[in-house]
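Noted in Swiss-Prot for the protein shown:
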MOD_RES   S2  N-acetylserine
MOD_RES   S2  phosphoserine
MOD_RES   Y172  phosphotyrosine
MOD_RES   S330  phosphoserine
DOMAIN    679-712  domain 'WW'
DOMAIN    835-864  domain 'IQ 4'
COMPBIAS  1417-1448  compositional bias 'Basic and acidic residues'
MOD_RES   S1441  phosphoserine
MOD_RES   S1443  phosphoserine
Amino acid sequence: MSAADEVDGLGVARPHYGSVLDNERLTAEEMDERRRQNVAYEYLCHLEEAKRWMEACLGEDLPPTTELEEGLRNGVYLAKLGNFFSPKVVSLKKIYDREQTRYKATGLHFRHTDNVIQWLNAMDEIGLPKIFYPETTDIYDRKNMPRCIYCIHALSLYLFKLGLAPQIQDLYGKVDFTEEEINNMKTELEKYGIQMPAFSKIGGILANELSVDEAALHAAVIAINEAIDRRIPADTFAALKNPNAMLVNLEEPLASTYQDILYQAKQDKMTNAKNRTENSERERDVYEELLTQAEIQGNINKVNTFSALANIDLALEQGDALALFRALQSPALGLRGLQQQNSDWYLKQLLSDKQQKRQSGQTDPLQKEELQSGVDAANSAAQQYQRRLAAVALINAAIQKGVAEKTVLELMNPEAQLPQVYPFAADLYQKELATLQRQSPEHNLTHPELSVAVEMLSSVALINRALESGDVNTVWKQLSSSVTGLTNIEEENCQRYLDELMKLKAQAHAENNEFITWNDIQACVDHVNLVVQEEHERILAIGLINEALDEGDAQKTLQALQIPAAKLEGVLAEVAQHYQDTLIRAKREKAQEIQDESAVLWLDEIQGGIWQSNKDTQEAQKFALGIFAINEAVESGDVGKTLSALRSPDVGLYGVIPECGETYHSDLAEAKKKKLAVGDNNSKWVKHWVKGGYYYYHNLETQEGGWDEPPNFVQNSMQLSREEIQSSISGVTAAYNREQLWLANEGLITRLQARCRGYLVRQEFRSRMNFLKKQIPAITCIQSQWRGYKQKKAYQDRLAYLRSHKDEVVKIQSLARMHQARKRYRDRLQYFRDHINDIIKIQAFIRANKARDDYKTLINAEDPPMVVVRKFVHLLDQSDQDFQEELDLMKMREEVITLIRSNQQLENDLNLMDIKIGLLVKNKITLQDVVSHSKKLTKKNKEQLSDMMMINKQKGGLKALSKEKREKLEAYQHLFYLLQTNPTYLAKLIFQMPQNKSTKFMDSVIFTLYNYASNQREEYLLLRLFKTALQEEIKSKVDQIQEIVTGNPTVIKMVVSFNRGARGQNALRQILAPVVKEIMDDKSLNIKTDPVDIYKSWVNQMESQTGEASKLPYDVTPEQALAHEEVKTRLDSSIRNMRAVTDKFLSAIVSSVDKIPYGMRFIAKVLKDSLHEKFPDAGEDELLKIIGNLLYYRYMNPAIVAPDAFDIIDLSAGGQLTTDQRRNLGSIAKMLQHAASNKMFLGDNAHLSIINEYLSQSYQKFRRFFQTACDVPELQDKFNVDEYSDLVTLTKPVIYISIGEIINTHTLLLDHQDAIAPEHNDPIHELLDDLGEVPTIESLIGESSGNLNDPNKEALAKTEVSLTLTNKFDVPGDENAEMDARTILLNTKRLIVDVIRFQPGETLTEILETPATSEQEAEHQRAMQRRAIRDAKTPDKMKKSKSVKEDSNLTLQEKKEKIQTGLKKLTELGTVDPKNKYQELINDIARDIRNQRRYRQRRKAELVKLQQTYAALNSKATFYGEQVDYYKSYIKTCLDNLASKGKVSKKPREMKGKKSKKISLKYTAARLHEKGVLLEIEDLQVNQFKNVIFEISPTEEVGDFEVKAKFMGVQMETFMLHYQDLLQLQYEGVAVMKLFDRAKVNVNLLIFLLNKKFYGK
């Protein structure tokens, strides 16, 4: 379509559709047709008008006019329109399918009607008369779309009147449509038979609907129109002010503008009406040419708005904030949220908006929407500013308090608007900010100061963390970032910065400082820069030194050595000549050594030469003084001085003995006399020859010396030289030694004499001992006579004493008899005491009989009496032991789940270890990579799994302390509770996904959701899911009964996998382990049922025994093989053995039906019943074969074939089954499979037909086994669980699920929600609406969003959280909720239990009617206080609901009143009957008491079961640990082999008595260049390579090498070279790499060099 003019080029009016030209005569039918076409055209114009108006309001394109009706059916555009004029009613978030993706994919959905309803509610909110409203079905079902367009037109006029939207255009006659489009619309209108609404009467209807006095309003509007025609502004304004016109916001200064605008509007309307009436026969309306009240008000608002905008623009130009605020308050604009205190903010924001608008090329003033946006932005900015000030104040207060965690918490406050803060660096923030705060003049940091400081400190924190983890890239990125604020960063010094920072970090740790500060980092950078600069200057200085040496001038050499940049130590001017001699000699030696005449000395060589020269000078001076002292001592005649001088270490004389001091002195004095006899030349100089071949000149007068020969030098003739002195000493010492040799033998004679004297003494001692031994009999006789005499005398004395004391003896006897009598009495008493326990037992037996009778009454009686129930009601209390058992149970569940995940992760890592060891053998990876992975395995990943579950305190994470995150957390808890307790959703979801995706989903999410069935509740719910899913699969997927056997049903696979894992592993082990172990231990058992195999084994055996080749053919058919008698014999033996061992397996299986997990048996029952329901004609045998396929073939058979893979048997690390053992087990499994399916051996296996009869007999046993296995109770009977169990359990269910699993589940539910829950009011739709769109991993964890390809994202997705599941739709005890009969019953029973415990009575009615005594009330209060104390100690996951806690605070009387209220409601609901005194409730309480006992028993059994599972998992972890040890020993062997092959040569003296040291290799760059290893060094000529040395040293870590570079002896840099990185580069085909960012090396040749020198390969 296109816009067209009303008049053609000739000025003739153009006919419209339906018009009749003057020369045109039409029939009645043609006129009707033309009229229908005109109606269609007019409606299309209205559609175009509505489309353009909505586009202006929404700011987005709508579908073409001919498709607009269809595009409005989903209500999205209508809902967006509702949001435009009433955002409070219609939120964008509540618009269903806002982007219309679902509509485009699947068409209309019933929930699209929500959008239409929201639009209608929005119109109702603003007050549009309901006479214009369409029905929902008019739009959704397209029953009356013109009604919708009519409503949009009315809405546009109404909004124009309110000043909320622009006026809709009148496009009649101004747009063109094709003939086809008009005909299509005509057909569409005729199809539905729709009566076209009167669009032209909208204004009048709207005025009538909104007015009180229609006649007065009509007259006032006509008067205004007449005044407009007169074009007198004063008259028009007077008419407008008529109260009956109901016009508002009139401003007299704008009267002339009102007149102009209204006059123009009326002229336009009259023109449009004229065009329309020329081509229409319908009845005209008075308002077709007159302006309606709404149009008048709309134009007034338009003028007011324009005027207000002009005033605002003027205020902005003048920069007057007060005038701007007054202009913004104009009612015509209707701006919301204006606050006078924010006037300056409005001025700033609107000036900015205006400037931006002008920059974009728009010069018109800011419009109303832009002003509102600016006001909102300014209010927000002002509010943020105030909040920011408050947050900054809190931060300063927290810094002053000195609590690092509190400071970081305040810094992380979003209202502070600070850069990102990292909690792990809390101490760093506290320390540095506190320092800055103290330095601040006002001791408070401003927001800009905090922003800069936090930004820099965060960067420093990241640097610290990167240094700890060794992340080099992150360290450099932060160092070079402008955010960090470091200065003088040089990229070429990058590696040095990193090395120094690593050392600084290590030093900080050693000093117990967790972080290095910004100042530390800046100082480190400055230090490195200084060192680099000094190195450069030092190299230049070394060059100057070498040049001076070549010139041969000692003074120039001295000046060069004294250059400060060289930093040479110990340079002395007086040693200049010796420096020259020493260094030039060293330079020549180096040139000869490397055969390069241009060789130069390096720094360490020059420094060494200086130190050596200084040392030589000191030693020469001491030597000269020592020789002079000897001469002086000899001349003085003092023997002591002479000996002391001779023994001085400075002169280096040997063989000096103190005993020969006088002889030395006399001999030297004699030598002196001989020199004197020759004559004295009186020279003051002496020349000494010193080590190194140099002469040292010593002045005897000044006692100084030097290396330079003095002018006119003459050697002093009187001084003894060292050689002369040494010669004299050697002669004297030799003579003394000969004399002492004789004196050395005196000790031998002394020792000989001592031995002789000792012999004589020993001989005398032995003689005395022999004499005494001969006299022993006589000595013994004398001693015995003496003892006998003494004993007889003592006896006689005792008899005499007793005879003299007879009275006393009688008294003693009487006392003894009394003691005996008393003892008999006491023994009798003790007898009674000893039998007190028997008496107590008798009494207890009587009491127990009474209690047993009461308990039998409680258990068996239909209506147990109140008295009996009251005795046992205390059993309903939760004791400390109950709480402890619940805590133990929760802890054990968590540990089991953690251990399951740990073992799974460990198993995956072990598999990866297998692969890496295999690659190691193929030289694809380095040994060190395997070693590092091995170290990782030893931790068993428990720490990692534990850390993954600690997400709760991350900033912005799912468990962050904010209302938004709390709502998100609760929404997920509600969702997963619904999924867990309603199996229909997951059962349908499984079959909505592809096979591979559903399997992964089940393995991860479903088992996690049910905590791997770690307790009774979760096992019950999981089995419900299995049951529902299996029934769904059979119903929708299975067309033939054999598909269960031939296919791979999803649910069956999941059930078998679950029950064969950790949960059913013990069962399989108990059933199969004994017989499997027996088979494996029988080494003689060899089952072969293939005749060809038997034949080949026989032939091989004959050839091995005879040593000759057999004449029999090797390749034969089974028939040919069976032709040999030996083969038949061996086959019969194998069959007998196979039948015997198979029978053992069969007996073990059929006798262990009770050991099979209940879940496995229950699913077998469900499978049988479901198949029978779908295939009623299937026989019993056919169904049992399917059950056999499940219980035996899928569940047991794999464990028999591969017992090692299913932990049926234990193998040592590295151990495995032999081929014969596997073949034996495979043959047995095949037999059992044939027996379970009643399949005979035929065809190719005809030679086994002899055991077909045995198979038939075995099938009958299997048949009875399968029938028994299916005979199990239903879930509710087995677990005693129903839909109300969660309302009374002590603890809330908790699951541990990863972030990735949460997001995956959320995504799948959104994608398939219509399939799994087709009903619109299904609860899951509400829960998914609560959650909204699928969140990102980062938003749930609390990390900042990063790169989509971030490799850490996968690790983040595995982070686990715990969700405490709750039910949103049934909250017991909530007073504001509608409580059903069950909830009221539970609450009432709980209160009754509390009352009857403390108040006795025969019936409940009697107790409720009898007032409680004060003693009963006091006892009740004490009990409630004890309960409150116990509840306070209860963990959050076990706390009771709020209403239960409130009930505990009631008195007995209040509780009785609440009970009576509950009983009244229950009576009305028909739950209880007051005629029998509410005996039903007493019976329910009795049942609860019985069930509480069963629950405790189940809990104990569950705890035992979990402990067994935990032990089994620990055993499996131990096995994995053994595998780890096995791998480590293998790796150690590889390392030992590698080390033993290394070609590290050692000198003999190093090999003997010393530990071997790490060898280091030194190469010049020139040598490496010759070998091809070094390609080039940037900025260095090849002829300078000889001055560069590379030193390669192995580190403590295998495969790591430290490479040091020196230039002219100056230590430049150190580079860590990783052998595994080299291999990786080689594997990737990288031929060249850089060292030190400058030296390019050949990767392959470098690997070859390292292998050759360090690994010997």
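One is the number of the first residue shown, and numbering goes on along the chain from there.
The backbone N, Cα and C atoms fix where each Cβ goes, and this holds for glycine too.
For Y172 (phosphotyrosine), the Cβ neighbour count at a 10 Å cut-off comes to 22, with all displayed protein chains included. Counting in whole angstrom, Y172 (phosphotyrosine) lies 35 from S330 (phosphoserine) by their C-alpha atoms. Same-chain residues lying 6+ beyond the ends of the domain 'IQ 4' (835-864) with a Cβ under 8 Å from its Cβ atoms: 871-872, 1476, 1479, 1482-1483, 1486, 1489-1490.
Residues of the domain 'WW' (679-712) grouped by DSSP class, helix first, strand second and coil last, total 0 helix, 14 strand, 20 coil.
Long-range contacts of the domain 'WW' (679-712) within the same chain: residues 574-575, 577-578, 581, 616-617, 619-621, 623-625, 627-628, 718-719, 721-722, each at least 6 residues beyond the stretch ends and with a Cβ under 8 Å from a Cβ of the stretch. Counting only same-chain residues six or more apart in sequence, the Cβ atoms lying under 8 angstroms from the Cβ of S330 (phosphoserine) belong to N304, S307, A308, N311. When pLDDT is averaged over the domain 'IQ 4' (835-864), the result is 82. Per-class residue totals from DSSP over the domain 'IQ 4' (835-864), listed helix then strand then coil: 25 helix, 0 strand, 5 coil.
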